[in-house]
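One structure follows; several queries about it will come next.
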Amino acid sequence: MPLPRPTRLSQWNVDVDHVLGPMVPASVLPHLPSALGHFLGHRDPAGPVHRKLGNVAMVFWAAIGVFSSLATIGVVAQHIPAFQSRQVPTIIGSLGAAAVLDFYAIESPLAQPRNAVLGQLVSSVIGVGIAKLFALSAHFEAVRWLGAALACAVATAAMGLTGTVHPPAGATALLAVLSDDFFHLGWFLLAPVMLGCALMLAVALVVNNIQRRFPVYWWSPEETGGFWRRGREKGESDGSGGSSNEGDSRRDLDGAGAGAGASAASRPGDLESSVTEKKPNGRRVIISRDLVQVPDDMDLTREEMLFLEVISQQL
């Protein structure tokens, strides 16, 4: 006899975006100057459609990006006195793996800014914390390898539950315990890691937006800002709720809308909007250029949502 659903541990699902997504403000990129928005990953839905690059061009730009980002990190690190006095490594090894993701696999969810930055932050905190915990033991050197394995495992679990999975960050957590170059830094390790992430992201925004698009999203492929939008809509409806004339006008418009159905159906954009408004929870998926709509009760993973977003961009 199957167990009741709440007791099936294998089916438990923790989705922080269910809580955080509505609280994250909606994107402001459409309201920025077009040149600035372009290098932040925004594309005008009415703009020209760019063909997908061949792998030769992708490899070229990836090589340029990897070299430029790591060289920038190295130059900046060598000119920071606090780094030199603490003998911070010029380039943290895990950033090399991150560069491959950030400049070649730029459409992967693992390479988006949320994962690339927050994943490293979460893993660094966990790695340093476990290193300090194991250092309390008199047999630290004998069990150091165990602490490194535990740090990588806990960091992976934390990234998975927070939606910030970034494979190179697992190496950061491991090295925070295993490497003497990192271990002696303690909590100061967060400074070079975060600086490296910021510089790499800055270079990626320039290089990856010359012939491609990066990032695909900043926080999530799903819609954000629902909490604030509902608040504004509620305020507007409360302010206009007492007007009976407006209610009459709205009923007149609704009646007129039924007669205008044929003309609306001739415009694809209007047709999509009409379908969505009438049946917002209908069992259908709508994909058009720069628009993906799914039913509210349809549970999709981040990778599945990104797949739909990529299809949308290629229309």
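Backbone N, Cα and C atoms are what each Cβ position is placed from, and that goes for glycine too.
For reference, TrEMBL lists these features for the protein:
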DOMAIN    55-215  domain 'HPP transmembrane region'
REGION    228-279  region 'Disordered'
TRANSMEM  58-76  transmembrane segment
TRANSMEM  88-106  transmembrane segment
TRANSMEM  118-138  transmembrane segment
TRANSMEM  145-165  transmembrane segment
TRANSMEM  185-207  transmembrane segment
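So where do these features actually land, and what's packed around them?
Here the transmembrane segment (88-106) has Cβ contacts under 8 Å with residues 58-59, 61-62, 64-66, 69-70, 73-74, 77-78, 116, 120, 166-169, 171-172, 175, 181-182, 185, 188, 191-193, 196-197, 200-201, 204, 207-208, 212-216 of the same chain, all six or more residues outside its ends.
Listed by sequence, the residues of this chain that lie at least six past the ends of the transmembrane segment (118-138) yet keep a Cβ under 8 A from its Cβ atoms are 94, 98, 144, 146-147, 150-151, 154-155, 158-159, 162, 164-166, 168-170, 172-177, 182-183, 186-187, 189-190, 193-194, 197.
Nonlocal intrachain contacts for the transmembrane segment (185-207), taken as residues 6+ away from its ends with a CB within less than 8 angstroms of a stretch CB, comprise 39-41, 61, 64-65, 68-70, 72-73, 76-77, 82-83, 86, 88-89, 91-92, 95, 98-99, 102-103, 106, 113, 116-117, 120-121, 124-125, 127-128, 132, 172, 176, 214.
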